[in-house]
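Reading through the structure tokens given below for one structure.
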Amino acid sequence: MSTLFISDIHLCAQRPDMTAALVHFLEHDAVGADALYVLGDLFEFWIGDDDPNPLHQTIADAFLALSQQNVPIYFIHGNRDFLLGQQYAKRAGMTLLGDPCIIELYGERVVLSHGDLLCTLDEGYQKFRRITQLKWLRWLFLRLPLPRRQAIAHKMRGQSQMENAYKSQSIMDVTPAAVDAMLRSHDCRMMIHGHTHRPAIHDFTLDGQPARRIVLGDWFEQGSVLICRPGEQRLEQRPLPQADMASQG
Ligand code: OKV
Ligand code: MN
């Protein structure tokens, strides 16, 4: 009996070791789980389900195989792969969820979110979000020819990297008041999110009652997974499978 949560894997063609690590996780660790939740930023960027990037098919195949072994897979968009659509979700056997989303986890109500919504002090990012959330602008973007989308996305990522270099760590973390408000408005005492790349279990008090916020880790130098069982949550960092094993699949 276990439910798994991962996020912030940031898959891209430049990190074949990460793709191999995730496929290994899906084929070995996730089999037999009650469910797998992916809380966003599975991919480093996403410019449409029609992108022929072979990495996307490799990952879709691995997720689909897991879902066919009766492990339901749920996906919440991150700030990087927010354009991932129903078409790809179907190919990967995943169900798309909104952000935030409330689930009942072994009898407890839990809020799930990617976490970017909670970083309210990051004004530059929140402006980016407001613009790219506009329905008509997304519609337009997705109708551009693929090379145009690639060029625009490449430019936007370069711009963002320069801006982030000047942002302080505290601006890029969650705002405690935003966490409290999200828990209160959904009548929950537990939240699970990613995005900040600061894996931790934070216990605190909310309106006189114990509350818990679990932050998932990223996959950059290691794997990271939250394993939930009735009454228990364990956050694990895992070394990547050996490179020679990874290349053998
Ligand atoms: C994802 C982020 C790039 C942050 C563009 C409309 C517009 C969507 C888009 C283009 C970029 C996603 C889809 C990407 C996240 C960045 C840079 C910063 C902070 C438009 C709708 F405006 F051009 F019309 N995009 N891509 N960033 O490369 O995946 O999260 S992306
Ligand atoms: Mn993120």
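Any Cβ shown, glycine's included, is placed from N, Cα and C.
Not measured: the values here are computed from a predicted model.
The Mn(2+) 1 binding site annotation in TrEMBL covers ASP8, HIS10, ASP41, HIS197. Annotation source TrEMBL lists Mn(2+) 2 binding site at ASP41, ASN79, HIS114, HIS195. Residues annotated as substrate binding site in TrEMBL: ASN79, ARG80, ASP122, SER160, ASN164, LYS167, HIS195. Under the heading domain 'Calcineurin-like phosphoesterase', TrEMBL lists 1-199.
Shown here: features listed in TrEMBL, placed on the structure.
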residue : record                 : Cβ neighbours (10 Å)
ASP8    : Mn(2+) 1 binding site  : 25
HIS10   : Mn(2+) 1 binding site  : 19
ASP41   : Mn(2+) 1 binding site  : 29
ASN79   : Mn(2+) 2 binding site  : 18
ARG80   : substrate binding site : 23
HIS114  : Mn(2+) 2 binding site  : 25
ASP122  : substrate binding site : 22
ASN164  : substrate binding site : 13
LYS167  : substrate binding site : 14
HIS197  : Mn(2+) 1 binding site  : 19
- Query: For the binding-site residues listed here (SER160, HIS195), which one has the lowest count of neighbouring CB atoms within 10 Å of its own CB?
  - Reply: SER160
- Item | ASP41 (Mn(2+) 1 binding site) versus ARG80 (substrate binding site) - Cα distance in angstrom | 6
- Note on the structure: Filtered by Cβ distance under 6 Å to ligand 1, the binding-site residues HIS10, ASN79, ASN164, HIS195, HIS197 reduce to ASN79
- binding-site residues whose CB lies under 6 angstroms from ligand 2, from ASP41, SER160, HIS195: ASP41, HIS195
- Task: Quick one: pull the CA-CA distance for ASP41 (Mn(2+) 1 binding site) versus ASN79 (Mn(2+) 2 binding site), whole Å only.
- Result: 7
- Message: Nearest of the binding-site residues to HIS197 (Mn(2+) 1 binding site) by CA-CA distance, picking from ASN79, HIS114, SER160, ASN164?
- Response: HIS114
- Item | For ASP8 (Mn(2+) 1 binding site), the three-state class that DSSP assigns | coil
- Message: List the residues in the vicinity of the Mn(2+) 2 site, defined as same-chain residues other than ASP41, ASN79, HIS114, HIS195 with C-beta within 8 angstroms of the site's C-beta centre.
- Response: SER7, ASP8, LEU39, GLY40, HIS77, GLY78, ARG80, GLY115, ASP116, GLY194
- Query: If you measure from the C-alpha of HIS114 (Mn(2+) 2 binding site), which of the binding-site residues ASP8, HIS10, ASP122, SER160, ASN164, LYS167 fall inside 10 Å?
  - Reply: ASP8
- Message: Can you give me the residues near the recorded Mn(2+) 1 site, meaning same chain, not ASP8, HIS10, ASP41, HIS197 themselves, Cβ no more than 8 Å from the center of the site's Cβ atoms?
- Response: SER7, ILE9, GLY40, GLY78, ARG80, GLY194, HIS195, ASP218, TRP219, PHE220
